[in-house]
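Taken from Swiss-Prot as is:
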ACT_SITE  13  active site, proton acceptor
ACT_SITE  41  active site, proton donor
BINDING   12-18, 40-42, 305, 331-333, 413-415  GTP binding site
BINDING   13, 14, 15, 16, 38, 39, 40, 41, 129, 143, 224, 239, 303  IMP binding site
BINDING   13, 40  Mg(2+) binding site
BINDING   299, 300, 301, 302, 303, 304, 305  substrate binding site
């Protein structure tokens, strides 16, 4: 039985939440393997919008959901989200949610440092959400992190927090010139959360591998997008974790040979939140139209998303980096009514045309997109249930995406709800 990884191919906000919610109906387990609560997944069920930031989207389908070792977790946010989902009538018992004992915890000092650092950068800021994700990953890399396993030993937890906060407070006071934090208060706060958290803590790697050996189907849910990847994204305007499909194995504790398919989610146009290069960004009425019709506001920050034409240089890059075996096209209906639709097929920079992503951020910032133009369609496609019922120009647009990317389209989404989805090939079946 197949195990499927779902990743974003752009800069996040591609509609992964809806697709994971849809595919979760066929999976037994759903796993989040990287990132933190700097990402938000939005699901619309029976007209009701539900947003999750840490708990995998599969919780809506009453599946067993795992938060892997590659995720950094703010325990306060996690418990707030569990309470929110519970208030919506969703089963959030420890039988449904498992947190890796090896996942790192976002501590109060991580958030203080994150916000102070961004403030100090001024105009050079990169647009972090200020939720402590980056500083937590820093501590993980330098072997100073606090993991969920540390909550099992109260004395050890207190000792580790006291030691690390001596350094963090020195940093806050002497470099950022901002308020310090009381170690005793932090320890007391987390010990107050301990009893609620302990039932959820699990060896996720063991549980997942055991389930796979028993034939359980697993869906791995990525956060953000390929071009926010710490290794392959538009560095330094990236997130602090690896967002590509290969990290599904490392970030959850399974072998890469157990990943069967990789589905790349691509919005029918391109958006980005925060700072960073964006070659196809539109500053005209079409960009405004995409933003308004697509309701392009971040689920986590509420920030207005920048909008532009579909960028095939990005998509081909994502296909290569992730080894995509299928594409999911989302928000296709947002393009309804446009007379002309453009696709970026390359970048031009000082007389040179790039058909691959340039590594130098300065080059990317100075690139001019090379476009090909396609006729749009006037019809409303949001109610269409069968691919063959699409207008001819819609089908030609989709065919061109498939041709340029070299990846087959498996699913097309024409609205926020589950029902507004056309499945061409269900890999779980």
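Backbone N, Cα and C atoms are what each Cβ position is placed from, and that goes for glycine too.
Reported as a whole number, the C-alpha separation between residue 42 (GTP binding site) and residue 302 (substrate binding site) equals 12 Å. Counting neighbouring Cβ atoms within 10 Å of each of the binding-site residues (15, 302), the lowest count belongs to 302. For residue 332 (GTP binding site), the nearest of the binding-site residues 38, 40, 302, 305 in terms of C-alpha separation is 305.
Sorting the recorded positions 41, 304, 305 by the number of other Cβ atoms within 10 Å puts 41 first. Checking each of the recorded positions (38, 40, 41, 129, 224, 414) against residue 305 (substrate binding site), the C-alpha distance stays within 10 Å for none of them. For the binding-site residues 18, 303, the greatest number of Cβ atoms within 10 Å around a candidate Cβ is found at 18.
Here the Cα atom of residue 303 (IMP binding site) is found 23 Å from that of residue 414 (GTP binding site).
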